[in-house]
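J.: Shown below is the structure under consideration.
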Amino acid sequence: MASALGAQVSVAAPIGAGCYGRSSSAKGNNTVNFCNKSWIGTTLAWERKALKSRHMNKIFSMSVQQASKSKVAVTPLELDNAKEPPLNLYKPKEPYTATIVSVERLVGPKAPGETCHIVIDHGGNVPYWEGQSYGVIPPGENPKKPGSPNTVRLYSIASTRYGDSFDGKTASLCVRRAVYYDPGTGKEDPSKKGICSNFLCDSKPGDKVQITGPAGKIMLLPEDDPNATHIMIATGTGVAPYRGYLRRMFMEDVPTFKFGGLAWLFLGVANTDSLLYDEEFTNYLQQYPDNFRYDKALSREQKNKNGGKMYVQDKIEEYSDEIFKLLDGGAHIYFCGLKGMMPGIQDTLKRVAEQRGESWEQKLSQLKKNKQWHVEVY
């Protein structure tokens, strides 16, 4: 996730014959090669900027591979052998020292606030599964406990277990910079800014970062049925785990997981400039129209049926009949984002259930019993 959970919690192979390749240099670095330069036009803004650096040429990823339905080869495939997810390999008293690879702004100039995509090199030493979180310990001492380190902030991981470089050595975080504005003066108060989010967004390539984890099981992607339906609902940086799910479903060539079901993403943000990974998701929509749906709720640009602001729960209501039928058929539904999103969503679902002559309390209880209901809010 990408804000505070208790503290803070913030979710390719050959493209045409011979056009995509992975080779190893004398230093053992993996290199990704592309032979159709026109694909560069489909990358995200931060990718275009990142392409200028030698390292980012290596991890160039995001949506560009979806110019073809061919998928990206990943390694090491042993990461898919484990039967149980890794949990708490590193703890707050003995964190792992990882390295910042890149920090890129994800949002446009008209977005309220700043959200960054942060790639962290863990060297393959802190493996994780899609839907898990890393803990980050910002440098400095805890202002509430002088002499003690800062507390851990949890952030949902926004990449698959293979990372953005497809080699199992990196993890990506989607982090919104937390700032505080004094309600009296309307001015920013730097003394109350989010310690960890600002540390991460201000980081430079090569900086060290203390991480713990991985943590969490509630948002793990169930893979026992590759043809299942997954309904993913996010506000803002809550989209992080879903990016990992979708890359695994549509971008990576994972021999043990061939997705043939339906993934339906609902993303709520303020405006178009606030959309996160939009080009990547749009590419999936174009390449896999039978397996992916993507609906956006832009609260400052769209109106709901009553003329008010369009929030994610309004989009859910718009498609409520279809969503309820999918849930009745065994679909999984996920919620990730600010905890303030849940009351409105729950009210909407309850109202729709009653209109259908159902008891929402009973339905929710059954969804939880069937392990179809997944919530991680902060």
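Even glycines carry a Cβ here, placed using N, Cα and C.
TrEMBL: automatically predicted annotations, no manual curation.
As listed in TrEMBL for this protein:
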BINDING   Ser156, Arg176, Thr237, Ser299, Arg300, Lys309, Gly337, Leu338, Glu376  NADP(+) binding site
DOMAIN    93-221  domain 'FAD-binding FR-type'
J.: Taking only the residues the record lists as binding NADP(+), namely Ser156, Arg176, Thr237, Ser299, Arg300, Lys309, Gly337, Leu338, Glu376, what is the largest Cα to Cα distance between any two of them, in Å to the nearest whole number?
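T.: Pairwise Cα check on Ser156, Arg176, Thr237, Ser299, Arg300, Lys309, Gly337, Leu338, Glu376 gives a maximum of 27 Å.
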J.: When you tally the Cβ atoms that lie within 10 Å of each candidate's Cβ, which of the binding-site residues (Ser156, Thr237) has the highest tally?
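T.: Comparing the binding-site residues Ser156, Thr237, the most crowded Cβ belongs to Ser156.
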J.: From the DSSP assignment alone, can you count helix, strand and coil residues within the domain 'FAD-binding FR-type' (93-221)?
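T.: Split into helix, strand and coil, the domain 'FAD-binding FR-type' (93-221) gives 11 helix, 47 strand, 71 coil.
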